[in-house]
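**Q** Let me begin by handing over the structure; questions about it come next.
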Amino acid sequence: MEDISEEQEFKYGEHSLQKIKVFKYSSTNASTYIYIHGGAWRDPSNTFDEMRPVLGIPNANLIGINYRLSPEIKHPEHLIDILRALRFVKQNFDVSQITLLGHSVGATMILQLLHYRQIIRDGLKHTHKDDLSSLDNLFAYVNDNVLLSQVIFLDGIYDVVELLKEYPDYASFVDDAFVSNKHFADSTQLSSANESLDLPFSLVSKDTKFLIYQSLEDDLLSMKQTHLLIDYLSSKNQGFTLHVGNWGKHEEIFGKYREIVFSGNVP
């Protein structure tokens, strides 16, 4: 792929939302940042364009992922789209030192990716789509070709069961993305009873850095979800770095601090 200095969109599937946007790219760049937006699995106002304010990150490829939304699709179809997008990036661009960052349910999907085979398999059982044969090639390619140097969790949802205990009104968007209580309970490692989720993480190595950010001014998510993620990673002996600060409301996505946070630094 030739260098890209002005943003371009590329399709990784047939649906209008199955696209990535490349904001800048050069095969000589030392690192690559790939962003997964949030929006409660359903909000069309959240898109890959949330990456645009961080163009000042130096010597880096910057890519955002769009994916299909609920209620048109249910979990784990959003996650499958992310895998397809990652495969497209690796097949078409010379990228290394990949940082994958996600905001809100984008962070949820980064957590899910750590056990994507099990999470997707369990999710499809609930939507009566048990045939995984069509996904075998996708799984194999991602497993063999995608290695993340850094993952960044940004004001995320990590346990939907606990989320609804704290915010019962959020059932409206959860119901759009899932078909039952068991479906969303099985959707992340923190609430699932599937013993296969004790397997080692996928797509990362012992050298992968885990960064967690939480704005103390977030008006939609308290620190509880972040504490739950911290407890989970600690139980797996996975090291991480936690950063908290007064960095704006949830939909401001760190506001004037976005570029600093998205680059993995501290405002």
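Residue 1 is the first one shown; counting continues down the chain.
Just so you know, glycine gets a Cβ as well, placed from its N, Cα and C.
Pasting the relevant annotations from Swiss-Prot:
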MOTIF     37-41  motif 'HGGXW'
ACT_SITE  SER104  active site, nucleophile
ACT_SITE  ASP218  active site
ACT_SITE  HIS250  active site
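Help me see these features in their spatial surroundings.
**A** Per-residue pLDDT, averaged over the motif 'HGGXW' (37-41), rounds to 98.
Long-range neighbours of SER104 (active site, nucleophile) (same chain, six or more residues apart, CB within less than 8 Å of its CB): HIS37, GLY38, GLY39, ALA40, ASN46, LEU154, ASP155, GLY156, ILE157, LEU221, HIS250.
Here the Cβ of ASP218 (active site) has 21 other Cβ atoms within 10 Å, regardless of which shown protein chain they belong to. The secondary structure of ASP218 (active site), as reduced to three states from DSSP, is coil rather than helix or strand.
Secondary structure at HIS250 (active site), taken from DSSP and collapsed to helix, strand or coil, is helix. Around HIS250 (active site), a 10 Å sphere centred on its CB holds 17 further CB atoms from the protein chains shown.
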